[in-house]
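Here's the structure, in structure tokens; my notes come after.
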Amino acid sequence: MKAIYRGMCPNCRGAITDERLSNKNPCEGCLSEPILSEDYNELIVAVRNALKLRGTLKDWEELYRLNKEVSEIEELFEKSTGFKFWSAQRTWVKRIIRGKSFSIIAPTGMGKSTFGAFISIYFATKGKKSYIVVPTTPLVIQTVKKIESMLEKANVSVRLVYYHGNLRKKEKEEALEKIRNGDFDILITSSQFLATRFKELLKDKKFDLIFVDDVDAFLKASKNIDRSLIMLGFSEEIIGRAWEVIKLKKQLAKLLQNEKKNEEEIEKLNKEIEKIEDEIEEYKRRNKIGILIVASATGSAKGDRIKLYRELLGFEVGSGRSVLRNIVDTYLLPEKPIEEHVVELLRKLGKGGLIFVPIDKGIEYAEELTDYLKSQGFKVELVSAKNKKGLELFEKGEIDYLVGVATYYGTLVRGLDLPHLIRFAIFTGVPKFRFSMDLEQPTIYRVLGLMSEILEFLPEEKKSEGEKLYARLRRLIRNIPQYELMKIEEALAEGLELEGFHNHVLEVFKQSVEFLREVLKDEEVIKKIAENPFLSLKEIEGKLYIEIPDVRTYIQASGRTSRLFAGGITKGLSVIIVDDQKVFNGLIRQMRWRFVEFDIKKFEEVNLKEVLKEIDRDREKVKLVIEGKISEQVKDLVKSALMIVESPNKARTIASFFGQPSKRKIGDLTAYEVSIGDKMLTILASGGHMFDLVTNEGYHGVLILKNNGKPYFVPVYDTIKRCRDCGHQFVDWEQKGVCPRCGSRNVHDALENVKAMRELALEVDEILIGTDPDTEGEKIAWDIRNVLAPYAPNIKRIEFHEVTRPAILRAIREARDINEDRVNAQLVRRIEDRWIGFELSQKLWEVFENRNLSAGRVQTPVLGWIVQRYKEFTESETDFLGIILENGINVTIENAKGEVREVEVKDVIIEEKDVNPLPPYTTDTMLQDASRFLGFSATKTMQLAQDLFEAGLCVTPDTLVSLSDGRIIEIREAVENSEESLLGINGLKPKEAKALKFWEIDWDGPIKVIKLKNGHEIKATPDHGLLVMRDGKIGWVSAKNIREGDYVAFIYNLGHRGGKKYTLPQLLKELGISEYENSSSQELNNREQEMDSKQISIELDERFWYIFGVILGKGTLKGDKVVIFQKDVKPVIEEALPFVRIFESADHIGFSHLILAEVFRRLGVGEGKLHSLVFGLREEYINAMIAGYFDASGTFLRRAVLTSKRGDILRMLSVYLYQIGIVNNLRRDEHAGVWELIISDLEKFREKIYPYLRIKKSQFDKVYSISKNEGDFLPVASIFRKLKFRDGFKNRILDEEIPRDEVAKVLEYAEDSPEKEFLNSLVEARVTWVRVEKIEERHYTGKLYDFTTTTENFISNGIVSHNCTYHRTDSIHVSNTGIEVAKEYITQEIGEEYFTPRKWGEEGAHEAIRPTRPIDTGRLIQLIRDGIITIPKNLTRDHFRLYDLIFRRFMASQMKPAKILYEKAIISTPFKDVEVEGYIDVLYDGWSKIKSLPLRQIPKLEKGQRLRVKEVKQWRAPKVSLYTQGDVIALMKERGIGRPSTYAKIVQTLLQRGYVIETKGKKKLVPTEKGIKVYQYLITKYKDLVSEERTRQLEKIMDMVEEAKADYQDVLNELYEEIKRYVR
């Protein structure tokens, strides 16, 4: 038990422990003994029965009934369909049982229609009426057949009535009569029927359920919204009131957007909205309202009328359209006619392809291409707006390919959803827009696209005009359907006028076209367009045209190949035949703006066989889903999940990554629902902390119990309450529902948030808690886990450091348990804060008679710094003289008063100097600079950073990892045992790495198998990084981008790090052979006596390990017998193990020894794995073991070859041999079924292994005398050729790979150069480079593992592997992802030569603060304006100013140093000498291209130069300046007080309490009289409690708790005793 939560018992709503909650049980008062069960449903039933028996059953009954009713409905479903519910269907049923209306967001094959048909049957069995609305007559017929089939299977009889156009006259009349009389249980019609027959037949009908199967068709008549609401039980009057709320909310939104807010008007609107909402809720309470289920749309539900569902039913219709892509994007540079490339591609790729022709080539070329492909024997048809017959033929399988024009609203681009048929897309040119300079036949979206692209080329005045026009046009068309936009475009083309709003849009469209025509006449603009690398300017038949990429069409068209379905996202392939390089560049750039993870490869570099295999595997799955034959295993892949984050902004942002979400109101909270293929995800914001310590129980909210005679501290929590009127936050009610400060009843209780979360938790299979990635976030996650545990079967923690789509998906894959150590640290932090704060605050109240005062351990020393600085400030006033010299230099002279007319330059130093950039921001440096440069308070900066944060790697289990103690073990074992000390490589030298996190994830997807020339391989996820040398350059490359012919870094000559040695009893203990531990010593003593008291050594030296090696090679274990098929080893056994009795036969020797047999068995002889302790031994022991293995199973014929069936052991030996500098290769003889370990470096073998050989030394000597010794080779010929040598030495290299020792020798003669320096570093490096022979992609289902470590890498299978940005961080480390972001921006926007990647420190739990995309501030504003980047809240000018600060600092940190001509001069004045420094000139701009240099520019000076004084100013001021907020935060960081997450809060508290004020203008901090008195009192009376040193010590102790190095209960006890000693 760690804590008690008041009011959280899921049965009686009383107090309950965290232990009971996490075990999914009610409190001890309800149930004396807990009930434990792995099966969630069984647990619900068992607890319910126990509560009922005890007579304490209350709210638990609701949990039980819900599960029971779901089971009953599932039984009927199984009878009706033959299947059990899918996870998502179970979620939908739970909502229906609880009377909730909702929108279904679900991919193909999720059974939406089947569910709608079934649930209407279920309602009918309960005497309730249902209405199913479908778009067309065929679907009416299909639904009727489906229901009739279900009724027959379930043996259920209901009154089914349907109406469609294919009925005979008499059947129609009968159906209409039954509808008129309400003589039905289930009614099925089309949307058209509802629109035309509502008044006549349906207006007076009330339905318990309406199921709308296709909302797009349903919404074509917007009045269907009102009609459906009336049929559910709403009156026209209450619908009218809801419409008023919608209009009032629009007015309120406009008011809130104004910078000058009319608070009175806002309050008035809020009250009116609240009043109408209360009326609506009252109406729903008094009237029985039915349930509406709306199946997902493919388009957006536009218009305000749809919002009636939000106001009356609590949900908003989302879109089923997904923005997820699982596409291998490729390109091909044409070397022959495009048509021939297409033919070649079709023959390679097979059937099921779409071929898109760029719009500039048009329908004529599409027809020609279709005819040409037919002539080549392909079954292909052209599809256009006028000819759609090909679609039907394609769907039936009568043709294999479709050709169409790549235009956004084209039939082939948008109207096709055939995930089981479409495998790939070929683009016969880059999708593009082409504009003539006079903009003939403009469309609205093309005009917007062109304006967006060229605005940056316009003069400032025109740019401003263009931005306004652009913004107006985008805003006006936001909710206009496509067919209405086409009418506006036609009106412009034909010179017609329209009416009302449409005419207004037409006018703005016309102005935009005229604006473009005007600016495109400007030659300077045309010149800039021609120079731009992302736009193309072409002259065709004497006419100029601009071409820009049509990225929306590419996304839609390629997206036909990758669709969401039940189980994931189908893999697709896209091939672009590049017909214009500049437009292609533009397309790539825009795709990366939209998709952070976008990557495009050359077609010929793709492993086509593997890609097609995976594509076809997905198509098979989809077919099974569509046919209803999918296996239960695949069904289980689609889980319903609830993701909980802290803030609503973050929830909105995450939801937007996956399409247009459906929304539901749950109490005061909004839940967003999206599909991500394998999960139906509901995203909800918790609102941050929901619980805090109570004030009226225990010692300031902490119970002090006894545990084995020691104090045991248990915090008591209750929900946080906040008054909406006065802002007061509290925990305990003085009077229920009333704010204790102002008496208002307008109080929000976080209990409502808990209720909302519990309501949603009931619906889902798993909960993912994504609170912030720090100790505070971990504690919030722990609270959420505890209070939701009884309501959901599975709860996990997810952690992400940047809010991007890949980061979220990765976090979901890598979901983990709560980190209890982090929670413990936060418990200590909060309890310590409460105890100190309450005790000292009460003392302040008594002394100063003011209950608004407070104190804290951290804020007191910080207040002290400000008080002390103010004292220094007031005592340091002096005279200053400011002079401006004739050359413009400003000089300030301290302690000076009087006149000065001339000065002399006494001394000058001028030199060239490199100026390095600063590292990226940490929290403290960001707060300092935001204070210094932008004038932002710490609190404001943190809030802006939070807004920006919210807007915006693994291997298989058999992978061997090297630990820092020498052991080599499988990564699965390392993770399971939490092995912290790993071996990594830093600067190509070995370095110990501490594992900060251990990752174990479930994987069902592709992995890459990288096979190396030395026989080793690594099996990893596509994004797992390896250290690679390619074309003479070293860098991290993800597995998916590694190519055959690359060289991978492999550990080499590190030196062995193990040093263990054992006695026999110690080895028994290490191996866990406890049953023999005591008897072993006794047995040895007995043997000593038998041998005339001769002393027997039980130290296991190299002889013992040699014997172990022999047994590994040619030994076997039979019970207690050790049998060895190598008789020559007998003398060694007699020498090393004198206490055993040896037996012999014709071909073997052996001995019987129960203990030793068990030892060898556990060490790895036989079937078991080689025990990890072996590689922790001293080097000579391991070498002796290898020698024994060679003496048993080795041969020496030109090379040393060890043969064994135990490939697992040879693999480990191979890694070890590389570590001690012996190059080797692994090879499998498939025919013989054995592995070979081949060593060609006989020189090293002789040094390391040979001394321990006993049987085959002579064999080795013979081979060694005649064989060539092959050592390590480096793949550096391309660099080697660039070396320059002194006369007489010729540089000639024939092979790519050169022996390391030869490189070293030759380098001695080479002239100094960067190439020589690089090659020297490779020679000295503790890695070798092994060629990649083959890359395969395989499907893998199972566990994968990884670490987060203090270095960026660890050793896996001998290979250097990379291990798996948040604004609360003290790290300056930049990840590979961050470096890639910088590289893309710097190379594209500034110049490749400026880029210099820097890691800036070792990797930890956090990364430096950085942008997540290569987008600068100007471009970010444009992309938000264009709607390409969507954000959850409007960003202000201050947001962009802070973003710019972060962006420039980060990009500068990844650029080359600036080189300046530096000047430092001593200027002699009549008063004193003054130093002046700065730069005369910038010799190389480097990082200063993006950020200002920290020095001022000054003119060149000469020694002895006399300069006239132009201007003199005299003033008096303090020498010491007051602190700003930034200065204080820098001190906190420097002195180890506070944490990144608390810096801003501490300063804010001092300001709020009135201890400190901030001056206007310069924003300096000044202590108030109150602040000075409070500080003096605290430091006088309680110095030992609040001193800076004690505070710093406590920070370290809390870090130790977080790292599991200190027990949190011991720390609390120490704190408690300390407070008792000084205060109580």
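Using the three backbone atoms N, Cα and C, a Cβ is placed for every residue, glycine included.
As annotated in Swiss-Prot, zinc finger covers the listed stretch 720-749 rather than the other ranges in 720-749, 1350-1379, 1410-1439. Range with Swiss-Prot annotation zinc finger, chosen from 1-42, 169-210, 841-882, 883-924, is 1-42.
Of the listed segments 113-116, 213-216, 1285-1288, 1297-1300, Swiss-Prot assigns motif 'DEAD box' to 213-216.
Excluding Cys9, Cys12, Cys27, Cys30 themselves, the residues of that chain whose CB lies within 8 A of the CB mean position for the Zn(2+) 1 site are, in sequence, Pro10, Asn11, Arg13, Gly14, Ala15, Ile16, Pro26, Glu28, Gly29, Leu31, Thr56, Lys58. Note: the domain 'DOD-type homing endonuclease' (1107-1222) comprises 61 helix, 26 strand, 29 coil (DSSP; helix = H, G, I, strand = E, B). In the three-state DSSP scheme, Cys12 (Zn(2+) 1 binding site) is classed as coil. Take the Cα of Cys726 (Zn(2+) 2 binding site) and measure to each of the binding-site residues Cys9, Cys27, Gln89, Glu646, Asp772: the nearest one is Glu646. Confidence in the zinc finger (1-42), given as mean pLDDT, stands at 96.
Summarising the environment of Cys726 (Zn(2+) 2 binding site), the number of other Cβ atoms within 10 Å of its Cβ, over all protein chains shown, is 14. When the alpha carbons of Cys30 (Zn(2+) 1 binding site) and Cys742 (Zn(2+) 2 binding site) are compared, the span between them is 37 angstrom. Cβ neighbour count within 10 Å across all protein chains ranks Gln89 highest among the binding-site residues Gln89, Ser113. The CA atom of Cys723 (Zn(2+) 2 binding site) is located 20 Å away from the CA atom of Glu646 (Mg(2+) binding site).
Other Cβ atoms within 10 Å of the Cβ of Cys723 (Zn(2+) 2 binding site) number 20 in total over all chains. For Glu646 (Mg(2+) binding site), the Cβ neighbour count at a 10 Å cut-off comes to 23, with all displayed protein chains included. The number of other CB atoms found within 10 A of the CB of Cys742 (Zn(2+) 2 binding site), across every protein chain shown, is 13. A 10 Å cutoff on Cβ-Cβ distances gives Cys9 (Zn(2+) 1 binding site) a total of 25 other Cβ atoms nearby, all chains included. Cys27 (Zn(2+) 1 binding site) carries neither a helix nor a strand DSSP state and counts as coil. Each of Arg724, Asp725, Gly727, His728, Pro740, Arg741, Gly743, Ser744, Asn746, Val747 belongs to the same chain as Cys723, Cys726, Cys739, Cys742, is absent from that list, and has a C-beta within 8 angstroms of the C-beta centroid marking the Zn(2+) 2 site.
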